[in-house]
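**Student:** In case it's useful when we look at the structure, here is the feature table from TrEMBL:
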COMPBIAS  211-221  compositional bias 'Basic and acidic residues'
COMPBIAS  223-235  compositional bias 'Polar residues'
DOMAIN    20-450  domain 'Major facilitator superfamily (MFS) profile'
REGION    205-235  region 'Disordered'
TRANSMEM  21-45  transmembrane segment
TRANSMEM  61-81  transmembrane segment
TRANSMEM  88-106  transmembrane segment
TRANSMEM  112-139  transmembrane segment
TRANSMEM  146-165  transmembrane segment
TRANSMEM  177-196  transmembrane segment
TRANSMEM  265-286  transmembrane segment
TRANSMEM  298-318  transmembrane segment
TRANSMEM  330-350  transmembrane segment
TRANSMEM  356-378  transmembrane segment
TRANSMEM  390-409  transmembrane segment
TRANSMEM  421-444  transmembrane segment
Amino acid sequence: MSQGGAAAREGAKPQDRGWAWMVLLAAVLLQGLTLGFPSCIGVFFTDLQHDFQASNSETSWFPSIMVAVLHGGGPLCSILVKRFGCRFAVMLGGLLSGVGMVSSSFCQSISQLYLTAGLITGLGSCFSFQAGVTVLGYYFVRWRTLANAMASTGVSLGFTLWPLLSQYLLDEMGWRNTFLIFGGILLNCCVCGAIMRPVQLTSESPLESPKSAEEPGRRSEGAQLSNGTSPHPELQQQTRRTACFQMLQKYLAFDIFCQNKGYQIYTIGVTWMMMGFALPHIYLVPYAIQNGVEERRAALLISVIGLINIFIRPFTGLLSGHRVFTGRRIYLFSLAVLLCGLSNFICVISAEFSVLIIYCVILSIAMSGIGALTFQVLMDVVEMDRFSSALGLFTILESTTLLIGPPLTGLLVDITSDFHYVFYNSSFFLISAALFMGLSFCALEKKNKSKEASKVPLDNHSRYQYSEMPTEPQSETQSSSVVVYITSV
């Protein structure tokens with residue numbers, strides 16, 4: 001039964017108080033269990049490579065698929081949430097994640113891991129995470145921004161704890177038994193989902209009934225049948241094409257991409273950035289181990305990144321929200337990406353543990369800026385009534401480069417037998433993306449100012465120029481009918 005029907009039976013639930021804070025706690029745990037989980041994969045990289053006799057490129061496909069599906073499954077999750085509700089989507093995701101990791105413990109080849117840990121666990125994590133973020137929009141109105149900021153700390157906690165737990169279990173019982181235990185841990189997403197009971201915001205259902213969009217077509221078809229006539233085949237085909245186009249328009253905003261220069265520049269820049277963004281997370285641990293760092297200390301490097309993120313990310317979010325940075329957040333974002341790219345050269349200079357700690361501190365500061373600003377900048381360049389569809393195309397494109405970036409770099413490492421190319425590649429993509437976004441938005445801003453000064457009329461001027469869009473919470477009636485899926489970096 002749909003979430004809306006259940007909510008009608010349970011009655012209205014208060015927002016911003018009471019049970020809403022239990023839901024927030026569940027959301028924190030969800031983000032730690034889902035988005036934080038891929039951070040530990042580098043701990044198993046060397047063991048998986050040795051057991052399956054796989055190359056760096058072949059082994060890196062497994063975490064790449066997991067992360068790409070986690071980020072790119074947004075439109076599918078949105079459809080699932082709209083039809084069955086957030087609670088169902090979170091619990092289904094937890095079940096898929098657990099089954100995926102349990103199945104991974106029995107895999108006999110690296111290609112089987114692509115399906116179990118990569119696709120199944122990645123898809124399950126996507127459902128749990130994005131539905132968990134969506135439900136916060138129904139439980140919080142006044143404190144929605146604070147709730148999302150607090151929930152994002154779960155990612156940092158996951159980054160801190162998963163690698164340490166992974167290394168301990170790997171040393172004690174091997175990667176197969178560790179994956180089996182991980183399957184049981186990820187099943188706790190189902191418990192978090194059970195806490196997220198349906199909430200009634202208005203007299204209507206909190207989630208739009210999927211049947212409402214289909215009723216006009218069904219009524220017209222029913223009218224034809226009642227008159228004793230059947231729809232013409234060409235008319236049926238045209239109707240299907242129209243429905244397909246409307247679906248793409250709703251979840252993949254190609255029209256915004258073609259017309260909104262700010263969205264176009266930002267989407268291309270972030271998509272290019274993702275080719276190098278995930279490389280240090282996957283290859284840092286094996287790089288440290290290859291250079292003589294003890295395995296436990298190597299796993300600690302990822303935990304250092306997560307620990308610093310816990311404190312820096314909320315501060316970055318508060319700083320970017322200051323009115324001084326209104327309309328300028330894209331430049332802060334570009335600066336964070338540039339710092340992230342430049343920090344990689346530290347690893348090239350030396351692989352000593354103390355130097356790698358310094359690298360992790362700087363990288364974590366830059367990552368905090370990227371994570372806090374990614375979707376805030378997207379809200380700045382796209383109107384909120386189209387944010388959901390704009391986010392759909394945005395996440396699919398970035399997941400594509402997240403998928404192919406690590407394997408291509410792994411192939412380069414296999415050919416050269418030099419891990420330094422990991423950090424060279426990462427720096428190239430990050431620095432070039434930062435310069436592209438910063439300079440392009442600067443040129444776009446100057447172009448808009450010159451047109452204003454010369455009083456040249458612009459079509460849909462307020463809609464397609466880069467400017468600050470209102471991000472205040474919508475009224476309860478409006479927010480109750482909008483499903484927004486959000487990913488995090």
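Placement of Cβ uses the backbone N, Cα and C atoms for every residue, glycine included.
I would like each feature placed in context: is it buried or exposed, what are its neighbours, and how far apart are things?
**Tutor:** Note on the transmembrane segment (21-45): residues 59-60, 62-63, 66-67, 70, 90, 93, 97, 121, 125-126, 128-129, 132-133, 135-136, 139-140, 147, 150-159, 161-163, 165-167, 170, 175, 178, 182, 185-186, 188-189, 191-193, 195-196, 281-286, 299, 302, 305-306, 488 of its chain, located 6 or more positions outside it, place their CB under 8 angstroms from a CB of the stretch.
For the transmembrane segment (112-139), the residues of the chain that approach it from at least six positions outside its boundaries are 13, 15-16, 19-20, 23-24, 26-27, 30-31, 33-35, 37, 48, 61-74, 76-78, 80-81, 86-87, 89-90, 92-101, 103-104, 147-148, 151, 179, 186, 189, 192-193, 196, 199, 201, 206, 479-480, 482-488, judged by C-beta separation under 8 angstroms.
Here the transmembrane segment (298-318) has Cβ contacts under 8 Å with residues 36, 39-40, 42-43, 149, 152-153, 155-164, 166-167, 281, 284-285, 288-289, 356-357, 360-361, 363-365, 367-369, 371-373, 376 of the same chain, all six or more residues outside its ends.
When Cβ-Cβ distances below 8 Å are used as the criterion, the transmembrane segment (356-378) is approached by residues 152, 155, 263, 266, 270, 277, 280, 284, 288, 293, 301-302, 304-306, 308-309, 312-313, 315-317, 320, 329-330, 332-333, 335-337, 339-340, 343-344, 346-347, 387, 390-391, 394, 471, 486-489 of the same chain, each at least six residues removed from its ends.
Panel annotation: around the transmembrane segment (390-409), residues 57-58, 60-61, 63-65, 67-72, 74-75, 78, 251-254, 256-257, 263, 267, 270-272, 274-279, 282-283, 375, 378, 382, 421-422, 425-426, 429, 484-487 of the same chain, lying at least six beyond its termini, place a Cβ under 8 Å from a Cβ of the stretch.
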**Student:** With Cβ-Cβ distances below 8 Å as the criterion, list the same-chain residues six or more beyond the ends of the transmembrane segment (88-106) that contact it, or say none.
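**Tutor:** The answer is 3, 30, 33-34, 77, 80-81, 112-113, 116-117, 119-132, 135, 176-177, 179-180, 182-184, 186-194, 196.
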**Student:** If you count every Cβ pair below 8 Å, which range out of 61-81, 177-196, 330-350, 421-444 shares the most with the transmembrane segment (265-286)?
**Tutor:** 421-444
**Student:** Check the domain 'Major facilitator superfamily (MFS) profile' (20-450) for me and report the mean pLDDT.
**Tutor:** 83
